[in-house]
Amino acid sequence: MATSGSKCRACKAPAVIDLPRHNANFCAEHLLQLCRRQVEKAIDDYEMFSKDDRLLVAVSGGKDSLAVWDMLVEAGYQADGFYVGLGIGDYSDESGDYVRRFADERGLTLVTVDLRDDYGYDIPTAAKVTKRVPCSACGMSKRHLFDKAARDGGYDAVVTGHNLDDEAAVLLGNVLRWDIEYLARQLPVLPARNGFPKKCKPLVRLTERETAAWCLIRGIDYLVEECPIAAGNRHLYYKDTLNSLEQKSPSSKSAFYLNFIDNMAPLLADQSAAAAGELNDCERCGSPTTNELCAFCRLVEKSSAHEPVPVELVLGKRGRS
Amino acid sequence: MQVKLRNPKREIEMRGGKTVNRLLDDLELVRESHLVICNGTLVPGDAKLGDDDVIEIRPVISGG
Ligand code: SF4
Ligand SMILES: [Zn+2]
Ligand SMILES: [Zn+2]
C-alpha cells in the first residue's frame, strides 16, 4: 500500500495530489473545491453567463469537455451537451459511447450530429478531398455544427472544455509568429456577433492535470486515448515544452497565459474589432458567410460525392489548423 | 510492482520502495503531464510505492 506524508493544505487530511503551482497538496474534496472556485472565478471575471442562461456544451468524450459539463450541472447551470460523430475510425465509435453513457447516467440532454449519417461524409474523406490536414476540416465542421445547433436550439451561449494548457499552447504558437489578429481573439469569452453565438471557456484557469484529477475523483469515465490524428502534432509539442518549463519553474505556465489575458489582451482589443466585417446568409444553410455558400456547405458538397476514405490513409498528414 | 503506461499502452514490472516523483524521474516523465494512480486511488508525489502495488501512470495532455 502506498504511504505518503503530505497533507491537504485546507484540512490536513492525507493528500491525493500535489499542485506545485499553488505550492500545496490537496485531499480529494479540497481539490474539487479548488476546481469549483477557479471555474466560478472564470465565469464571474470574464462575465460568461448566469444561471438563467441556457448553455450548450461541446463534448468529445475526453476529460475536459465531460469535466466542464459535470461542473456546470453540479453548480446549477442549465447545460445541455452537443456531440459530433466525426467518423474517425474506432476513436469516434468509442468517444460517442463515453459521451452517451455520461449523459444517460445523469439524465442530461445530449444533442448529436453524425457527419456520415447526416451529411454524407467523414473527416478522413474531407481531408482527402480538400487536400488539407484533417484537423482543419475537422475544426471547421465542428465549429459550424456547434454554432448551428446553438442557433437552432435557441441557446444563450456555447461552452467548450478548453483548459489552461490548451490556451497557453495556442498562445505560445501565436506569440512565436506574433500573429496579432489571432492574439487579439484569444480570449476566454467571445461575444455573440453576426449570427455567431457567444463562446465561453470556463476551464481556462485549470490545468489539464487538474481537470483529469476532477474526473478521477468524481468517477467520470472518459476516453483516455487520443484522436489518432492528434499524435505528434505541433500543439502537443508546445504543451510538452510548457510543461518542461513548468517542471523547472512552477506557475510559469499560468502566469504566461493569465497575465496575457489581464495585461496584454486589453491592449489588442481594437485589433480584433477591425477584423469583424459584414456577412450575409449562406444560400443553403443560412449560416453567416462572406460567400454565397459557406465553407461548410462547400465542404459537404465536395466530400459527400467522394468514396469514403479510411482513417489510416490520412494518418501521415499531421498538424493542426 | 506493476506499472501501466500509455502511448503506447504497455505494462512494466519494477521494484517497489520508491516515491511517485522518483518513479516519474526514472521513467523520464514530467510530473505536470501525468497523474499517478496507485491501486485505483490518486496519489501525490511523495507517496511511497510498495512491491505489491498496481500503478497506472496516466498522461493528461490532450492534443485536439
Ligand atoms: S485531433 Fe484533429 S482530427 Fe482529431 S478530433 Fe481533434 S481536430 Fe479533429
Ligand atoms: Zn482537504
Ligand atoms: Zn452553408
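Cβ coordinates come from backbone N, Cα and C, glycine included.
What TrEMBL records for this protein:
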- A:7-31: domain '2-thiouridine synthetase TtuA-like N-terminal LIM' (DOMAIN)
- A:Cys8, A:Cys11, A:Cys27, A:His30: Zn(2+) 1 binding site (BINDING)
- A:55-223: domain 'tRNA(Ile)-lysidine/2-thiocytidine synthase N-terminal' (DOMAIN)
- A:Ala58, A:Val59, A:Ser60, A:Asp64, A:Val84, A:Gly161, A:Asp166: ATP binding site (BINDING)
- A:Cys282, A:Cys285, A:Cys294, A:Cys297: Zn(2+) 2 binding site (BINDING)
A:Val84 (ATP binding site) to A:Cys285 (Zn(2+) 2 binding site), Cα to Cα, whole Å, comes out at 18
Cβ under 6 Å from an atom of ligand 2: which of these binding-site residues qualify? The list is A:Cys8, A:Cys11, A:Cys27, A:His30, A:Asp64, A:Cys285. A:Cys8, A:Cys11, A:Cys27, A:His30
Note on Zn(2+) 1: the CB centroid of A:Cys8, A:Cys11, A:Cys27, A:His30 has further same-chain residues inside 8 Å, namely A:Lys7, A:Arg9, A:Ala10, A:Lys12, A:Ala13, A:Ala15, A:Phe26, A:Ala28, A:Glu29, A:Leu31
Is any of the binding-site residues A:Cys8, A:Val59, A:Ser60, A:Asp64, A:Cys285 near chain B, in the sense of a CB under 8 A from one of its CBs, and if so which? A:Ser60, A:Asp64
Sequence-distant neighbours of A:Cys297 (Zn(2+) 2 binding site) in its chain (C-beta under 8 A, six or more apart): A:Cys282, A:Glu283, A:Arg284, A:Cys285, A:Ser287
What is the average pLDDT across the domain 'tRNA(Ile)-lysidine/2-thiocytidine synthase N-terminal' (A:55-223)? 96
Local Cβ density at A:Val59 (ATP binding site) - other Cβ atoms counted within 10 Å: 30
Give me the DSSP three-state residue breakdown of the domain '2-thiouridine synthetase TtuA-like N-terminal LIM' (A:7-31), ordered helix, strand, coil. 7 helix, 8 strand, 10 coil
Far apart in sequence but close in space: which same-chain residues, 6 or more away, have a Cβ under 8 Å from A:Cys294 (Zn(2+) 2 binding site)? A:His144, A:Cys282, A:Arg284, A:Cys285, A:Ser287, A:Pro288
Surrounding the recorded Zn(2+) 2 site, with Cβ no more than 8 Å from the Cβ centroid of A:Cys282, A:Cys285, A:Cys294, A:Cys297 and those residues left out, we find A:His144, A:Glu283, A:Arg284, A:Gly286, A:Ser287, A:Thr289, A:Leu293, A:Ala295, A:Phe296, A:Arg298
Rounded to an integer, what is the Cα-Cα distance in Å between A:Asp166 (ATP binding site) and A:His30 (Zn(2+) 1 binding site)? 24
Give me the count of other Cβ atoms within 10 A of the Cβ belonging to A:Cys11 (Zn(2+) 1 binding site). 13
Just name the most isolated of the binding-site residues A:Cys8, A:Cys27, A:Cys285, going by other Cβ atoms within 10 Å of its Cβ. A:Cys285
